[in-house]
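Student: Would you mind keeping the following structure in view while I ask a few things?
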């Protein structure tokens, strides 16, 4: 009895499941290739009837079937696999073709039949012309604005490289900015059955990752341009002193600090040129004001300006000496008037200048101050020696006066700070 699922030739009864010829005019007439090529006729079927080739995909194309030849179905799966997985991914290609083929068999069959075989010789020319055109400009020279000149490597020692986690040959750090940026694409994979929405979503992930890489490189360039790594290691102070040709004023330092957030939008040279031009502008304005002052004083030649400056310096020197002499007399008179209220009291000659100022400001007589000072120092020494003592300050000494005197004695070094 014929097995179910198999097809047989109606003329010779041979199995025709892999490949058979079906008559399009007669019903249930299917012939094997041998009977069809011999022009077999049976019943109402004639050799000149139309026919249809029915391929079951199981007939052998390459090699004898007994020796494991490749069927047409396997060939079709092989071509689909190499289009989907790419040349060289033999493991996935073998799994796609079927469990009966190993990766080694898939590789040997493809190389022998499609590269070194007749198909490869007919499709692949002996000499492949170079169709790639280099449209980039040379990396050096002024006529290459499209390419950035690579930055020189950092001049740091091996120990400093290990401290920073810096790899000079790759110009990378162990911990980069936005360290987890690669997680955006680490799980992406291009599948053969992805729809348009999934493809656009994966492209969006790749675009986000590219923007993160650009931001990482931008920060590297800023750090290299402004020498932030040597500044972190404390090696840029001597270089700055050598590079600067003039002393930076306090106003310029404050302005540099205010403009620091804008450093990322300009190069270091552009910022240095900006401040240098601002300094030149300031010097030019000062020179213009000086020339205008000469003109107001009737000087129209540079030779006359030297005599004018010498006379002006002499005049200012005389005025300064006169003011200095007057201020000295005023200080002496002021000091005498300041101590006039206590200079005739007993104990005034025992006080230092600072103590005289203190007693005058507190309106405290020298004798009372000496008494309070003696009691406070005595109590302090007894406490340091471990002798219990109870402070017995005079009744006329309130809390404000006590605090002022204690602070004064502490600042002068008579007692320690913990005692106050």
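Cβ atoms here come from the backbone N, Cα and C positions, even for glycine.
What Swiss-Prot shows for this protein is this:
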type    : residues       : note
BINDING : 9, 12, 32, 35  : Zn(2+) 1 binding site
BINDING : 23, 26, 45, 49 : Zn(2+) 2 binding site
DOMAIN  : 65-118         : domain 'SANT'
REGION  : 305-335        : region 'Disordered'
ZN_FING : 4-59           : zinc finger
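Looking at the shown structure, what environment does each listed feature sit in?
Tutor: For residue 35 (Zn(2+) 1 binding site), other Cβ atoms within 10 Å of its Cβ number 20.
Its own atom aside, the Cβ of residue 45 (Zn(2+) 2 binding site) has 16 Cβ atoms within 10 angstroms in the protein chains shown. In the three-state DSSP assignment, the secondary structure recorded for residue 45 (Zn(2+) 2 binding site) is coil.
Each residue in the domain 'SANT' (65-118) gets a DSSP state, and the totals come to 39 helix, 2 strand, 13 coil.
Per DSSP, the secondary structure of the zinc finger (4-59) breaks down as 6 helix, 14 strand, 36 coil.
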Student: Of 23, 26, 45, 49, which is closest to residue 32 (Zn(2+) 1 binding site) if I measure between C-alpha atoms? They're all binding-site residues.
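Tutor: Closest by Cα distance to residue 32 (Zn(2+) 1 binding site) among the binding-site residues 23, 26, 45, 49: 23.
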Student: Setting 23, 26, 45, 49 aside, what same-chain residues sit with their Cβ within 8 Å of the center of the Cβ atoms that define the Zn(2+) 2 site, listed in sequence order?
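Tutor: For the Zn(2+) 2 site, the extra neighbours are 24, 25, 29, 44, 46, 51.
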Student: If you draw a 10 Å sphere on the Cβ of residue 12 (Zn(2+) 1 binding site), how many other Cβ atoms land inside?
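Tutor: The Cβ of residue 12 (Zn(2+) 1 binding site) has 13 Cβ neighbours within 10 Å.
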Student: Fewest other Cβ atoms within 10 Å: which of the binding-site residues 9, 26 wins that one? Let me know.
Tutor: 26
Student: What residue among the binding-site residues 23, 32 has the most other CB atoms lying within 10 A of its CB?
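Tutor: In terms of Cβ crowding, the pick is 32.
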